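See structure below.
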Amino acid sequence: MGRPDPEEGQLPAPVKPPDGGWGWIVLFGCFVITGFSYAFPKAVSVYFKELMKDFHVGYSDTAWISSIMLAMLYGTGPVCSIMVNQFGCRPVMLIGGLLASAGMILASFTTNIIELYLTAGVLTGLGMALNFQPSLIMLGTYFDKRRPLANGLAAAGSPVFLSSLSPLGQVLLEKFGWRGGFLIMGGLLLNCCTCGAVMRPLDMGMKRKMGKAQDKYEAKEMLPIGGKSEEGISTTDGTKKAKKGKKKPKKGKKLLDFSIFSNRGFIIYTISKFILVLGLFVPPILLVNYAKDTGVPDTEAAFLLSIIGFIDIFARPACGMVAGLKWVRPHVAYLFSFSMLFNGLTDICSARASNYTGLVIFCVFFGISYGMVGALQFEVLMAIVGSQKFSSAIGLVLLIEAFAVLIGPPSAGRLVDALKNYEVIFYLAGSEVVLSALFLAVASYCCLNRGKKKEPPPENNPSAGGGSDTEEAESDVQEAEEHSSDNHQPAHSTDNAVVAANEEANHVAEEQSGEGGGCPAGDREVLARDGCNADQTVERDSF
């Protein structure tokens, strides 16, 4: 099931992203996968009250189901990277869809909370992780010029599915109970397999082109062109062997490329994301309880999250369009830094909101800034490491973010219990987000931009590291494209050599008619200069 190179059994040849065509189908699949991955752990919370009654557990015990799902989504990033590099995106996504569905179906037959942790938490979380990461990799493969817009549209799946899965879960709970709801939710997750099936690898098109070129060449060789074709074929075989002898041995593709840690931009991005995640998810988690403590009714407090989701739906594609502009895209890291700064300042300025109007204003601005962060986070990573190393980069980034997810929200909850004051939590969360924004902007300017100005232009050294896999793959593409044209050129050169040798041999025969046959050494040098190989012996009786 590996993805071997057509000739060498190694790396697949890179193909230019189409920026459309089948890529729009891939984008829709990524939209669905992103929606399930981010919204499903939150939508499951609808069933928590019924689970508490049936299993006689507390709210914190049932909340671990969502926490385990998110931990699997982030923490299994390196495992997903290894599987994608080994087997490809489509098989991994198909397996992930089956695991996610099987986890929810098995959860409907559980009899205790531990079994729920293993089925709905571990199994379903692992399945969604095996879908989420490969879908982003395929999106970066199919889009280049329109990639910011594609990332924005795919990221919009999270708020869309969150606004639809939660009401659907409530309806299923009322009609079928939590067991029936889990069973139907498991059936819905089978759509992840459909999304995985449409993730067609781009190298299939390259293989078809190479096959057509090879068939065309073989058809030409089968034409009845006499004895000259045999000489042309033998010369072609010699040329092929010479090329294979000169070709450098390749190494197989790394399962997890740790060389990305030598990229300063990746290090800066990773540190910034870790600080960001510590405070990014805290306000929406505590918002409803904060509103209730200020005297807002329950229904109106729950509506605040709907406002954030509604604004988020439009903010992500709009930000993707802005990031795709020619004068903005080279500076997309600074736009990402601005979006984080906007989000952090929104948290800080809204910490003292004491009425419902102030909370609504907070939700509007938070939805805009949160959507901007969600639309740009993976676009910036793709721009830093490139599509060739993105599969390894995203796995390592998600693993590091998993620690921040497990530290940030739980710590905020403990501070609320200890201080009984939400204002301090909003200040702290906003400060963390602002710090991440400033670190990304300042570090990118000082370490990257100034470093580029001081560094001398790189020398063309074939033994230099960094991107060697890409260079070897590109050389394979050029060799494959020139294969069909190179193969019939030796036959042409052989025919020209035969004609030149014929004329020279006749000339020699006229001048040395009385001295016997053969071709003297001096004449052999003339033939070599005229294009005939000196190793070829020209005999008169052959003409």
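Placement of Cβ uses the backbone N, Cα and C atoms for every residue, glycine included.
In TrEMBL, annotation is done automatically, which means it is predicted and not curated.
Keep in mind that what you see is a predicted model, and the values were worked out from it rather than measured.
According to TrEMBL, the protein carries these features:
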- 21-40: transmembrane segment (TRANSMEM)
- 23-448: domain 'Major facilitator superfamily (MFS) profile' (DOMAIN)
- 63-84: transmembrane segment (TRANSMEM)
- 91-110: transmembrane segment (TRANSMEM)
- 116-137: transmembrane segment (TRANSMEM)
- 181-202: transmembrane segment (TRANSMEM)
- 228-248: region 'Disordered' (REGION)
- 266-291: transmembrane segment (TRANSMEM)
- 303-325: transmembrane segment (TRANSMEM)
- 332-353: transmembrane segment (TRANSMEM)
- 359-378: transmembrane segment (TRANSMEM)
- 390-412: transmembrane segment (TRANSMEM)
- 424-448: transmembrane segment (TRANSMEM)
- 452-543: region 'Disordered' (REGION)
- 469-479: compositional bias 'Acidic residues' (COMPBIAS)
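With pairs at least 6 apart in sequence, the transmembrane segment (266-291) and the transmembrane segment (332-353) have 3 or more Cβ pairs within the 8 Å limit; the two touch. Long-range contacts of the transmembrane segment (63-84) within its own chain (CB-CB distance under 8 A, at least 6 residues past either end) are made by residues 37, 40-42, 44-45, 48, 92, 116-117, 120-122, 124-126, 128-130, 132-134, 137, 255-256, 391-392, 394-399, 401-402, 405-406.
Here the transmembrane segment (116-137) touches the transmembrane segment (390-412). Their Cβ atoms form 3 or more pairs under 8 Å, with each pair 6 or more residues apart. Comparing 91-110, 266-291, 303-325, 359-378, 424-448 for CB pairs under 8 angstroms to the transmembrane segment (390-412), the maximum falls on 266-291. Remote same-chain residues near the transmembrane segment (181-202) are listed as 3, 12, 15, 17-18, 22, 25-26, 28-30, 32-33, 36, 40, 44, 47, 88-90, 92-94, 96-98, 100-105, 107-108, 120, 124, 127-128, 131, 134-135, 138, 141-142, 169, 172-173 (criterion: CB distance under 8 Å, separation of at least six residues from the stretch ends). If you look at the transmembrane segment (266-291), the same-chain residues 6 or more away from its ends with a CB under 8 A from one of its CBs are 260, 300-302, 304-305, 308, 333, 340, 343-344, 347, 356, 359, 363, 366, 370, 373, 377, 380-381, 384-385, 393, 396-397, 400-401, 403-405, 407-409, 412-413, 416, 422, 425-426, 428-433, 435-437, 439-440, 443-444, 447-448.
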